[in-house]
Amino acid sequence: MGCWGRNRGRLLCMLLLTFMFMVLEVVVSRVTASLAMLSDSFHMLSDVLALVVALVAERFARRTHATQKNTFGWIRAEVMGALVNAIFLTGLCFAILLEAVERFIEPHEMQQPLVVLSVGVAGLLVNVLGLCLFHHHSGEGQGAGHGHSHGHGHGHLAKGARKAGRAGVEAGAPPGRAPDQEETNTLVANTSNSNGLKADQAEPEKLRSDDPVDVQVNGNLIQESDNLEAEDNRAGQLNMRGVFLHVLGDALGSVIVVVNALVFYFNWKGCTEDDFCTNPCFPDPCKSSVEIINSTQAPMRDAGPCWVLYLDPTLCIIMVCILLYTTYPLLKESALILLQTVPKQIDIKHLVKELRDVDGVEEVHELHVWQLAGSRIIATAHIKCEDPASYMQVAKTIKDVFHNHGIHATTIQPEFASVGSKSSVLPCELACRTQCALKQCCGTRPQVHSGKDAEKAPTVSISCLELSENLEKKARRTKAEGSLPAVVIEIKNVPNKQPESSL
């Protein structure tokens, strides 16, 4: 609640200041005919929308409890808010870029630069205040690596296993380690796991009530109040970074307004109503009447210098480049999280190799690693083992492998080799039905016969034991026999002869 309260207060304060200043810029831009300030007011409007999105995302992200329709809660609301903010800012950059190109084609002269300067300084002060409020979110990325960035507590942590509500075993992290080592995550639901095994009672000091405990329900991590603030802060970094980038863009816009107003005020010599001059920076002179051009009462002069008029669009293009450079990482990161790609710090090939090197593991398939939000990385895998007796020890080793890669929420689906089966022949013991085989699971494709083969192939139901025996015999055949023929099961229909009856 502390982190949410601070973020909410900062967002509300910045929202009020931004909205008030946006109204002020719209009024001043109309009075001074300053298109630069009008574009900056539109930037402020986008910031108002961004702050509203951030507030809504922060509000929804507090609802971490699982529901029947949303088993992970609303933990990804802030990631979605970060993506929306990045898209708003990117669209704004292209709008400013188009306006800057138009300014190069048709330069505009600023009216009342002192008023524009005053409003620009006030806007800069407002944005400096916003940068002070959100500067902690300026450079903190998500999932930057493993180590002390998991949001889990130090000290003694209780062992336990999550109560399985579906097929598979939810593996937690290893027991608590020393403070100088990696932090751990425990998945505690009750005192027994899905196999009815009691929790370790040998070290009762690990179950102290003052120790930080993490509880995972339906894949949603729920922490005690000691660690909730730190984890929520990390989970909302993308959203708050989006707000920071908007405030930074406003600050750059205010700097551009101030610099442009100062340069224009001290360097531009424009034409006034009582002055006789021409403006070579425009296609037509600013005083185009014949009386002024033919007048000999005062010498003619030129307005300028013209480079002052091109300073504003040049600075706008520089601002667009800076904003795009700072927004692209946020846009890319939030989009990749929502696309459930493998986090960049996870080497999936090395992870698969380590899992296959574990003693007792025959095959690893259907491995999926993705990032929920912040530092919460989730993995699921099908692990084929030799026998059920050694599975628990294998699961603990697999859990340690995942933990070493920074993955603390893992779901393992165990598979045990059938009698006489080989891993190379049957890579998946729990293959899907033919309806879903092409979509997910082990990707097994049913054999499809075409042409005359389809007519000759009879539909026969055989047991799994018979199928394994046939496959074993098939694998033992030598290469001298040529191509391996398909297993043909012939069914001969012997007609039942009726016994002849004699009278």
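Cβ atoms here come from the backbone N, Cα and C positions, even for glycine.
Topology note: ARG10 and ALA100 are separated by the membrane (different topological domain names in Swiss-Prot).
Here the Cβ of ASP250 (Zn(2+) binding site) has 25 other Cβ atoms within 10 Å, regardless of which shown protein chain they belong to. Pairs of Cβ atoms less than 8 Å apart link the transmembrane segment (304-324) most often to 244-264, out of 11-31, 79-99, 114-134, 244-264.
Using a Cβ-Cβ cut-off under 8 Å and counting only residues 6 or more beyond its ends in the same chain, the transmembrane segment (114-134) has close neighbours at 10, 13-14, 17-18, 21, 24-25, 28, 31-32, 34, 36-37, 40, 240, 243-244, 247-248, 250-251, 253-255, 257-258, 260-262, 265. Listed as Cβ neighbours of the transmembrane segment (79-99) (distance under 8 Å, sequence separation of 6 or more from its ends, same chain) are residues 35, 39, 42-43, 46, 49-50, 53-54, 56-58, 238-239, 241-243, 245-246, 249, 313, 316-317, 319-320, 323-324, 327, 330-331, 333-335, 337-338, 373. Long-range neighbours of ASP47 (Zn(2+) binding site) (same chain, six or more residues apart, CB within less than 8 Å of its CB): THR18, MET22, HIS246, VAL247, GLY249, ASP250.
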